[in-house]
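A short write-up of the structure that comes next.
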Amino acid sequence: MYTPIKCYQPYHGPFDPCPPRGTVCYQTPPNLYLGFQPPNLQQFPIQEALYKGTLWPVLYDPYPTPLEKGAKR
Amino acid sequence: MWYYEKKLQYPVKVTECNPRLAKYLIEQYGGADGELSAALRYLNQRYSIPDKVIGLLTDIGTEEFAHLEMIATMIYKLTKDATPEQMKAAGLGAHYANHDNALFYHNAAGSPWTATYIQAKGDPIADLYEDIAAEEKARATYQWIINMSDDPCLNDSLKFLREREVVHSQRFREAVEILKFEKDRKQFF
């Protein structure tokens, strides 16, 4: 299943001066996966689209990533 | 030729007097991956790109100027009433010495904008890949600024701009697909 965020645990050595950051995450927005956009996809209502910055729910990528979409904070 | 509409693409509202944010936002104004670089890069590359994707570069390049205007509005609102002391406290002392409270095309570290930030290689794939990378870098820059800003109204505009970067990247990726398409080749799914 598509997740807009990926996380990993970087190595933390015993002599590293700063406390570990623990999990480090990076964004993987939907444009990485869509390929050529197929026709007739679902659209937001026009007012909502102007607010969100895209007409297409498939391209909508809220930031910071909401918890229900896999954010770890 | 362009028509100018005397309004912003998306409203810009700033609630907190926080000139320090202006110091970070200037990265998107005159930085390497900022809106000025983006607009000039696309509007220049479009002359030597295959016909099928010229319009895309024109449209996105034009929109980048609309974004530039939004960033300018944010920076202007954050600094227009700042005293020299406030500018100094916000890390903008060097900026004040050189420009007073005026905006200028430089990055967050104070380096002036330079044409070496952008490229036109003349190879359509190389140019479009640069454009995709530029959009992803701008998206990341917006993320880092949102992470440092706690002004919900300003963040609202920044989130809109970030989403536009996602859409632009998608369209550039589609442009690559158009240019590499082989019409006689069998499609396997």
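A Cβ is built for glycine as well, from the same backbone N, Cα and C atoms used for every other residue.
Positions annotated as Mn(2+) binding site by TrEMBL: B:Glu35, B:Glu64, B:His67, B:Glu135, B:His168. For B:Asp59, the entry in TrEMBL reads Ca(2+) binding site.
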Where the distance is taken from Cα to Cα, which of the binding-site residues B:Glu35, B:His67, B:Glu135, B:His168 turns out closest to B:Asp59 (Ca(2+) binding site)?
B:His168
Taking 10 A as the limit, how many CB atoms besides its own sit near the CB of B:Glu135 (Mn(2+) binding site)?
26
Say we define neighbours as other CB atoms within 10 Å of the CB. Which of the binding-site residues B:Glu35, B:Asp59 has the fewest?
B:Asp59
Provide the three-state secondary structure of B:Glu35 (Mn(2+) binding site) computed with DSSP.
helix
So if I measure Cβ to Cβ from B:His168 (Mn(2+) binding site) and keep only same-chain residues at least 6 apart in sequence, which ones fall under 8 Å?
B:Ile60, B:Glu63, B:Glu135
Same-chain, non-site residues whose Cβ lies within 8 A of the B:Glu35, B:Glu64, B:His67, B:Glu135, B:His168 Cβ center for Mn(2+) are B:Ala38, B:Ala39, B:Ile60, B:Glu63, B:Ala134, B:Ala138, B:Leu161, B:Arg164, B:Glu165
